[in-house]
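> Sharing a structure here in structure tokens format.
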Amino acid sequence: MEHWEAAGRFVCFILISENAKLPEKKFHCCCSGNIYIYYNNNVKKISPSSLLKMLCLTSSPWSTSSIAEKQETSTSATMVLSFFFVALLTPCFSAPLPFLSKGSFLSTEDRSTVLISPSKSFSAGFYEVGNNAYTFSIWFTHSTNKTVSWTANRDRPINGHRSRLTFSSNGNMALIVLDGTVVWSTNTGSSKAVSARLLDTGNLVVEDIKGKIVWQSFDFPTDTLLPSQPLTKNTKLISALSKYMPYSGYFEFYFDDSNVLRMTYNGPEVSSVYWPNPDQDVWANGRNIYNSSRYAVLDDMGKFLASDEFSFTAVDAGSPSIKRRLTLDYDGNLRLYSLEETGLWSISWQAILDKCQIHGLCGKNGICVSYPRLQCSCPLGYEMSDPSNWSMGCKPWFNLSCDTKTEDMEFMSLPYTDFWGFDFSAAKLISFGECKKMCLSDCRCQGFSYQSGTGLCYGKTVLYNGRTTPLIHVYIKVPKSSANIKSAKPDVHGLICNSTKVVSVVGSSEMLGKTSESIIWVYIYSCLAAIFVVEALFIAIGWCLLNKKGDDELLLAQGYNVISSQFRRFSYTELKKATRNFKEELGQGGTGVVYKGSMENGILVAVKKLEEVIQGEEEFWGEVSIIGRIYHMNLVRTWGFCFEGSHKLLVCEYVHKGSLDKALFDENNTLLEWKERFKIAIGVARGLAYLHHECLEWVIHCDVKPENILLDSNHEPKIADFGLSKLLNRGGIESNLSRIRGTRGYIAPEWASSFPITGKIDVYSYGIVLLELISGTRISGLAMQELKQSETMATKRLCVVVKENLDRDGEAWIDEFVDSRLKGEFDSKEAMRMVKVAICCLEEERNRRPTMEVVVQMLLCHEKDLSSHITKSQEF
């Protein structure tokens, strides 16, 4: 009885036997015009005319049946008629279907009927993508906007009038429109398939009578990969065309012929690889080509592993109950999303921080700008090809062809700009004049890029992937007759004296109106006058610059990655104004003072003034070299920097609730509830795990303490001051750090010895913080005060005391150890787990301490699994 449900009609059961019963489950009705008889445990289909004939025969006086049989049949006939008319008068109900079987279908005219997974996490049905346009899709049931994870017919939406998804009698599942055209099919007609159902993994499967999968949606991904869904040599993710257009777009995520995971822009005219970094070889990107499996998968815990040795972990990793999706978004970025209880999605990992590194975003001749917001712009003399679509790029106001004479052409300068790729020629150590001559003499050349100092010259056949850079200038070929096209010198983030048309890349089709010809001339003459003044100043100080390697040049040379990773360089005057002459102090540490500031756009920032730092420039560059590549929800974000002579400052995210020490130890502050403390413990562990294991370089904080843990408005912890920590090469096992950083009470024992410093010093400090979160007191200070011993011995003795009490009194002692201000309002199992984890972190022998990745797992695991994690942690 479970194999003949369908949508949009009436259900009618005909009872022939007194003992026959209607099925207990509620089923959807079958095809219109058919009636099903349930007789002796068999279901038979008859037409209305056959039913009428049968009823007439059974009630005829010429029937040879016995009187008893006639009475039974007459009674059954009465039941048949009654049920038949009741069914006709009763509208069909809609309910989720557990599966489809042969002969059943879903209809666009009853879109409320859907397939649903056993846990109701996923639904499959008709999804509206436009006016009377639908796709058959799978979506997350509990997401606010029914986020789609898979689509059957993404490039061929169907009409909403009498289109169906049918599961035919031969076992084939197909999308069929009104005229009978098959839009999409599983091609399982000869596979003996008997049913289709939606699994809790989000996988739509077609199965045979033995339950063997003969077709599955996991083999045909669209733009999303779900946990346990493999990416193989035969599959790829293809982005959507835009946020509101689900058709296949221009970005792809796949294994290439070298067995390496790549992201590629595959546009209408050109294609290019943009991830991993195309300027580096496979090994520099941390990949391995010596594998043939070409297999990658995201597991239920939030860990992604690939056969080319690429991997990453979600910031909320460790909980299999969180619904996740890895999506190649329409903007070309690969992001891992986690579904929150609110039904909204949060980003738990993304492949590319500087979105201008994604190719094709701004189209042909377009230039991508990262700061202050992601924007596209057209060079002077160009305009948007399509005001509603930046991927179409910019078109010139002028005509330039191979018939144009060399003497009629010149070059428009775009300082601090480059168009990546599509070089028809490359030359080294040549002069600017030779580079220019080479492009003028070749009809294919649309422009060239030139890097001063190195003499690198690249001729461009097309101008794609434009973006701002600190070291390269590009020169575009234009006709001399274009009187309104002149060179200009913009700032690092601007283009052509602010005369470019700038429109947001994402979600906006707004375009500035065309400026009148008279105003254009005003701008041009103003630009020329400004250039004359600036060039005069440059000549006046030219001799000084020739004899001095300026700080600005050094910054651009060493800070290229920083600028291209959404950093911004601020002037000292700008930060002085933002902080009102450094008036409001937020805090002071070993590396400098932090002030509150407000930028011109109203955004609050924390400005860190690096003062009295030994070997300050080394410290500064150490921070700058890593800061642009670090982004995590549990780490304070750094927005930019200032480097002017003796002034070295960092501009950071302002975190509203201040540091953990004030929230935890200051009696005047609102008491931290237990739920918030446990949340902070997990967040800090995740942040440190990211620094130790997920960064491109291994980052050790060296000074983990409550003062360096900030809390946002939701009490989400953010680790601060990690920029001055030391870096260790992944290739090396261990390294010595030359200068000790840290705070008394939180310093690991190996600081005082000659042992190399590893990430285990952060684990030790975290253990102290964990105990302080539980008890609400300064653990190190309490131990030293009561035991009158050295710092290391005091902590060691404290651990022994905690272990003894834990073993002897268990939960009773935990009640005494937890902050008394909570008045017993805490989870004793979580508290017990936190104490055990803290003791593991405070092992005197560093090799017995767990890694921060293991710490996260220990905090999130069930109590019965904790002991096995503790045993494993001591194997590291």
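A Cβ is built for glycine as well, from the same backbone N, Cα and C atoms used for every other residue.
Automatic prediction, not curation, is the source of TrEMBL annotations.
Dumping what TrEMBL says about this protein:
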{"type": "BINDING", "residues": "K609", "note": "ATP binding site"}
{"type": "DOMAIN", "residues": "97-219", "note": "domain 'Bulb-type lectin'"}
{"type": "DOMAIN", "residues": "352-388", "note": "domain 'EGF-like'"}
{"type": "DOMAIN", "residues": "402-483", "note": "domain 'Apple'"}
{"type": "DOMAIN", "residues": "580-865", "note": "domain 'Protein kinase'"}
{"type": "TRANSMEM", "residues": "520-546", "note": "transmembrane segment"}
> Counting only pairs 6 or more apart in sequence, are there at least 3 Cβ pairs under 8 Å between the domain 'EGF-like' (352-388) and the domain 'Apple' (402-483)?
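Yes; at least 3 Cβ pairs under 8 Å.
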> Specify the count of other C-beta atoms within 10 Å of the C-beta of K609 (ATP binding site).
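K609 (ATP binding site) is surrounded by 19 other Cβ atoms within 10 Å.
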> Treating G and I as helix alongside H, and B as strand alongside E, what does DSSP give for the domain 'Bulb-type lectin' (97-219) in helix, strand and coil?
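Going through the domain 'Bulb-type lectin' (97-219) residue by residue, I get 6 helix, 60 strand, 57 coil.
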> To what whole number does the mean pLDDT across the domain 'Apple' (402-483) round?
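Value for the domain 'Apple' (402-483), mean pLDDT as a whole number: 86.
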> I want to verify one value. Collapsing DSSP to three states, which class is K609 (ATP binding site)?
strand
> Helix, strand, coil: count each for the residues of the domain 'Apple' (402-483), based on DSSP.
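Taking the domain 'Apple' (402-483) as a whole: 12 helix, 34 strand, 36 coil.
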> Using DSSP, what's the helix, strand and coil tally for the domain 'EGF-like' (352-388)?
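Counting residues by DSSP class gives 3 helix, 10 strand, 24 coil.
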